[in-house]
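Below is one structure, written out as structure tokens; the observations come after it.
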Number of protein chains: 2
Amino acid sequence: MTNIAIVGATGLVGKTMLEIIEGKDIPYSSLTLFSSARSAGKEIAVKGETLIVEELTEEKAKQSFDYVLMSAGGGTSLHFAPLFEKSGAVVIDNSSAWRMDDTIDLVVPEVNTPSLKRRIIANPNCSTIQSVVPLKALADSFGVKRVAYTTYQSVSGSGWQGIDDLTRGEKGEAPKNYPQPIHHNVIPHIDDFLDNGYTKEEAKMINETQKILNDDAIDVTATCVRVPVLHAHAVAINVTLEKEPSVADIKNVLGDFPSIVVMDDPTQNIYPTPLDAAGLESVFVGRIRKDNSLPNTYHIWSVSDNIQKGAALNAIQILEDLLSRKED
Amino acid sequence: MTNIAIVGATGLVGKTMLEIIEGKDIPYSSLTLFSSARSAGKEIAVKGETLIVEELTEEKAKQSFDYVLMSAGGGTSLHFAPLFEKSGAVVIDNSSAWRMDDTIDLVVPEVNTPSLKRRIIANPNCSTIQSVVPLKALADSFGVKRVAYTTYQSVSGSGWQGIDDLTRGEKGEAPKNYPQPIHHNVIPHIDDFLDNGYTKEEAKMINETQKILNDDAIDVTATCVRVPVLHAHAVAINVTLEKEPSVADIKNVLGDFPSIVVMDDPTQNIYPTPLDAAGLESVFVGRIRKDNSLPNTYHIWSVSDNIQKGAALNAIQILEDLLSRKED
């Protein structure tokens with residue numbers, strides 16, 4: 001008997017969670033869909049059954065769910081996740097609200113395992129997930145000292161609003177979501193600015209990388225940029241290792257790691273692009289080469305669907321992991 | 001009496017050179033336009049006069065021009081630039097053919113001065129120009145030790161063909177110029193691949209930066225990426241200095257340097273994007289901040305129109321500099 005609830009079921013990540021639950025045939029005895037008041041009443045078909053989306057209220061959060069997948073923004077998470085937790089559920093939360101809380105696990109199943117000190121598990125930032133998967137492979141074999149990220153982030157990272165803004169731009173209309181037009185443009189500004197000149201998105205990549213790899217000694221920096229792509233983020237990762245493996249060694253280690261697909265043969269023009277990764281589950285890596293401007297340093301180009309592995313899929317994989325432990 | 005010829009007059013850079021010559025009212029006694037056989041016969045109006053584009057032949061290259069602006073690809077340059085030189089002209093060449101030749105000057109007028117050992121002057125790579133302008137400002141005041149570039153390069157960098165490919169993609173058609181679709185995509189592949197896994201474009205940025213800044217001790221690396229933007233490139237520059245100035249010091253030094261416009265106030269969402277820079281002459285910089293992952297290291301986001309300062313305008317500025325010396 002597994003009672004599952006999804007909060008934010010009509011959002012882009014929520015909708016994708018439902019598709020993955022159907023596609024993987026995740027077993028449940030009941031599935032309850034929550035949304036804001038605005039989307040409540042909508043009908044969504046899952047596994048042949050038509051479900052009616054309900055407005056989330058404090059009363060409803062007291063129902064006894066086993067697992068609650070939340071993707072409804074930080075404010076909703078801060079308010080409702082503890083209520084679900086108190087009612088006995090394990091919450092897997094896609095917002096940034098809980099990620100850096102010391103008592104909360106921040107989990108990428110290929111990389112780390114939740115301690116379950118609390119029954120709230122945080123799903124990391126999309127660009128961070130597709131970066132820490134290859135970095136964990138490198139950390140295990142060669143040690144990681146420093147990481148510099150430069151990102152190319154698709155508009156689906158902003159949900160339906162981001163996609164709408166790109167579509168609006170293509171029709172010659174002004175943006176409603178982004179501070180600048182995104183059509184035929186790139187915007188070096190994702191989430192709000194902090195006093196130190198970094199954006200919150202950049203701070204997330206820095207802090208979450210250290211937390212997930214469980215190593216505060218890794219120096220991390222980031223520049224995050226929105227690009228006019230619909231699906232899949234690309235991250236140019238510049239990584240300094242403790243050791244100095246050959247590029248072939250690095251390709252072998254990455255190729256042997258779960259979820260990673262190495263697409264790297266310049267002689268055949270093979271490297272991943274966002275269009276290659278859109279809708280797929282893996283983290284695709286290519287353009288792997290030595291950076292001769294610093295010792296023990298390498299370039300890796302990582303591409304993955306930000307709504308799949310970067311959000312909904314990673315959350316479902318955390319759920320699958322919990323379900324399999326329950327069976328053991 | 002100044003006789004000027006433009007080779008590649010119907011190309012995107014050639015057309016822009018003509019617009020700049022008109023706009024700045026560069027004086028000449030004759031202006032001759034050359035192209036390939038395919039475009040010969042076309043009529044172009046300049047300063048109210050209708051000029052007929054001629055096919056460039058060896059015979060015509062023996063005419064006595066004072067200045068020849070070439071933007072017609074490496075093969076044409078290698079063949080014809082020495083012929084023009086022999087006939088007494090100074091050639092300003094936009095191709096990559098001559099740039100790394102030890103006897104040839106590679107010039108950005110704000111940064112370095114041609115020695116004129118040879119009467120062929122090379123115009124640098126577009127992404128390199130908008131990077132070395134701020135780097136020269138920093139080198140003069142604080143010393144530059146290492147530079148890591150990550151680029152967001154517009155399709156106009158590939159001339160009309162690049163713009164056509166983006167337009168084709170927007171109509172649902174397959175690309176003809178790029179190895180992958182560029183519409184709703186980013187492609188980490190500009191120019192051909194080298195054996196070391198870098199592209200020629202990345203190698204250009206590395207080698208030309210050292211040559212223009214006249215310092216082989218500067219360590220440089222690059223990742224070059226095409227993005228679905230029409231005009232203006234962005235370069236995320238990560239720079240390590242000899243000294244450790246404050247961010248305010250860096251902004252002051254950049255703001256005082258010719259051609260640089262500092263657009264950097266995160267509290268007001270002010271930073272440059274390609275749409276801001278398109279059609280303009282300056283190098284716009286923003287997102288200036290300390291990179292705490294390495295000592296004395298900073299992030300700078302540089303945006304400039306790749307056809308203006310990145311190509312046609314820089315060539316015309318080299319010409320203007322030569323014309324003013326002639327007057328002295």
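Heads up, the Cβ atoms here are built off N, Cα and C, so glycines get one too.
As annotated by TrEMBL, domain 'Semialdehyde dehydrogenase NAD-binding' applies to A:3-119. Per TrEMBL, the feature NADP(+) binding site maps to A:T10, A:G11, A:L12, A:V13, A:R38, A:S39, A:S156, A:G157, A:N306. Annotated phosphate binding site per TrEMBL: A:R99, in sequence order. What TrEMBL records for A:C126 is active site, acyl-thioester intermediate. Marked as substrate binding site by TrEMBL: A:Q153, A:R226. Annotated active site, proton acceptor per TrEMBL: A:H233, in sequence order.
Each of the recorded positions A:R38, A:R99, A:R226, A:H233 was scored by the other Cβ atoms within 10 Å of its Cβ; the lowest score goes to A:R38. A simple way to gauge crowding: the CB of A:N306 (NADP(+) binding site) has 29 other CB atoms within 10 angstroms, across all the protein chains here. Taking the Cβ of A:Q153 (substrate binding site) as reference, residues of its chain lying under 8 Å away and at least six apart in sequence are, in sequence order, A:C126, A:S127, A:I190, A:E201, A:C224, A:V225, A:R226, A:V227, A:H233, A:N306. Counting residue by residue with DSSP, the domain 'Semialdehyde dehydrogenase NAD-binding' (A:3-119) contains 28 helix, 31 strand, 58 coil. Neighbour density around each Cβ, counted as other Cβ atoms within 10 Å, peaks among the recorded positions A:L12, A:C126 at A:C126.
For A:S156 (NADP(+) binding site), the number of other Cβ atoms no farther than 10 Å from its own Cβ, over all displayed protein chains, is 25. Here the C-alpha separation of A:T10 (NADP(+) binding site) and A:R99 (phosphate binding site) works out to 23 Å. Binding-site extent for NADP(+): residues A:T10, A:G11, A:L12, A:V13, A:R38, A:S39, A:S156, A:G157, A:N306, maximum pairwise Cα distance 25 Å (rounded to the nearest whole number). Taking CA atoms as the reference points, A:L12 (NADP(+) binding site) and A:R99 (phosphate binding site) are 20 Å apart. Within 10 Å of the Cβ of A:T10 (NADP(+) binding site) there are 20 other Cβ atoms, across all protein chains.
For the domain 'Semialdehyde dehydrogenase NAD-binding' (A:3-119), the model's average pLDDT works out to 96.
When secondary structure is read from DSSP and collapsed to three states, A:S156 (NADP(+) binding site) falls in the helix class.
A:R38 (NADP(+) binding site) sits 27 Å from the residue listed as 'phosphate binding site', counting Cα to Cα.
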